[in-house]
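Asks: Questions regarding the structure given below will be posed in turn.
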Amino acid sequence: MGFRSVSATMPGSLPVNAESCWPKDVGIVALEIYFPSQYVDQTELEKYDGVDAGKYTIGLGQARMGFCSDREDINSLCLTVVQKLMERNNLSYDCIGRLEVGTETIIDKSKSVKTVLMQLFEESGNTDVEGIDTTNACYGGTAALFNAINWIESSSWDGRYALVVAGDIAVYASGNARPTGGAGAVAMLVGPNAPLIFERGLRGTHMQHAYDFYKPDMVSEYPVVDGKLSIQCYLSALDRCYTVYRNKIHAQWQKEGMDRHFTLNDFGFMIFHSPYCKLVQKSVARLLLNDFLSDQNPETATGIFSGLEAFRDIKLEDTYFDRDVEKAFMKASTELFNQKTKASLLVSNQNGNMYTPSVYGCLASLLAQYTPEQLAGQRISVFSYGSGFAATLYSIRVTQDATPGSALDKITASLSDLKTRLDSRKCVAR
C-alpha cells in the first residue's frame, strides 16, 4: 500500500512551494493625497499664543497647519480623496474588491467611514467589497494597508485591487500641543505588479500598553496627551522595531548566503510618522545611535561616528531625554537626514500632523520631489507609530522600471503638482 508524502513543517508554517503561488510584486500601485484649502501660519500662531518666536517654527519644525472648515468632516475628506484617485487613474469601481479605512476621527460610534464611501460604488453596482474601519491612534492606516497586502497574498483574493484610505482631522485644546494639529487624507491603490513593492517578511513590530495619548471623553474631539511619555514611547518603539527589522533582514541575507551587518546605508530613503518635523529629525539620530551601539568596532576617528567614542557604553533605555546624546547624534546624522529624510517632510511641514495619513503624506512628498530614475531600485524604510501604542518599521522596494509611461513614472507624475497645491491654499490669520 502506497503512502502520500506528508510535509514535515509545523502547523501554520510556510510550505516550501508556497511562494510560487503568491502574486508578484504586491504593493502600492497609485497614491492620492487631499488636504483642506486653508491653513494657519505657525509664525502668526506663535504671536497669537504669546509664545517666543520660533517655538513652533524652529522648536517643532512646523511652518503651516491645515484645518477643516465647518463644511468638511472625516467622511468628506475620505470621499474626496477616493474619488480623486479613481478619476485620476481612470479606474472603474467594480475593479475594487477590498476597501478599508484607517482613522481615529470618530463622528459615529457604530457606522464606519467605509460604509459612507460605498456611496461612490452605487453606480457601478459593486457591493462585493470587503474591509471595514481600523482604529488605533495614528497606526490605523498602516494596519489597513497591511490587511490589504495580506488579502491580496491570501486564498481570499479574487484578483481585484484593494483600496486603502487613511484620513483624520487632528485638533487639540489650546496649549503646547495645538500647533501639532493638521488634517487630510491619503488613498492608496494596492495590487500586484506595483511600482512600490512591499518587501515580504520584513516588518518589525512592537506593541505595548501605555496611556501616552488617548481620547476618553466621548463628547470632546480633544485628546489627553502626556507629551513626555509619548516621546519616550515613540522612540522606544523605534528602537524595538528597528532591532526586529534588522534581525529579520539578517536572517534573509543569511539564507541567501550573504553575511554582513545591516546599517542605515542600506536604506535609500527613510520616512516616519511625523507628529512634528523635529521629532522625525531626532528619529534619524536615534537610528544612527542604534547603528553605533550595535557596531562591535565603530570607527570613531573618522566618518559618521567621528567624535562619538564617549557614548560607547551608554544604554539605549537611558538616553530618551539625554540632551548630550541627542545633540551629538543629531549633529552626526545631519547629512543622513538631509539625504534620506528631509524631502519627505514637505506635507508635514506645510500641513501639519494628519494622524493616520501622516507617514503616507511623507511618502507622497518623497514621490513628488524625486524623479523615477532617482527612485528606481531604492529601499524606503517606513516607520509607523500610533499611541497607546502600536508601531511597525517596514520597507518598500521601488521597482527598477523608470521608463516613460511605467507605473513608477505614472505615480510620480500624479504627485508632481503637490507643492503647487500646498502653495495655492488660503492663509487664515484669525
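Placed from the backbone N, Cα and C atoms, the Cβ positions cover glycine too.
What TrEMBL records for Glu104, His273 is active site, proton donor/acceptor. TrEMBL lists Cys138 with the feature active site, acyl-thioester intermediate. Feature annotation from TrEMBL assigns CoA binding site to Asn176, Ser230, Lys278, Lys282. Look at TrEMBL and you will find 22-195 tagged as domain 'Hydroxymethylglutaryl-coenzyme A synthase N-terminal'. Sequence annotations record features per position, and here TrEMBL assigns domain 'Hydroxymethylglutaryl-coenzyme A synthase C-terminal' to 196-429.
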Asks: Looking only at the domain 'Hydroxymethylglutaryl-coenzyme A synthase C-terminal' (196-429), report the model's average pLDDT.
Replies: 96
Asks: What is the interatomic distance between the Cα atoms of Ser230 (CoA binding site) and Cys138 (active site, acyl-thioester intermediate), given in whole Å?
Replies: 12
Asks: Which entry in the list of recorded positions, His273, Lys278, Lys282, has its Cβ near the fewest other Cβ atoms, using 10 Å as the limit?
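Replies: Per-residue Cβ counts within 10 Å for the recorded positions His273, Lys278, Lys282 bottom out at Lys278.
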Asks: Which number gives the other C-beta atoms within 10 angstroms of the C-beta of Cys138 (active site, acyl-thioester intermediate), all protein chains shown included?
Replies: 31
Asks: Sort the recorded positions Cys138, Asn176, His273, Lys282 by C-alpha distance from Glu104 (active site, proton donor/acceptor) and give me just the closest.
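Replies: That would be Cys138, the closest of Cys138, Asn176, His273, Lys282 to Glu104 (active site, proton donor/acceptor).
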Asks: From the Cα of His273 (active site, proton donor/acceptor) across to the Cα of Lys282 (CoA binding site), what is the distance in angstrom?
Replies: 12
Asks: Suppose we draw a 10 Å sphere around the Cβ of Asn176 (CoA binding site). How many other Cβ atoms does it contain, all chains included?
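Replies: Counting Cβ neighbours of Asn176 (CoA binding site) within 10 Å gives 14.
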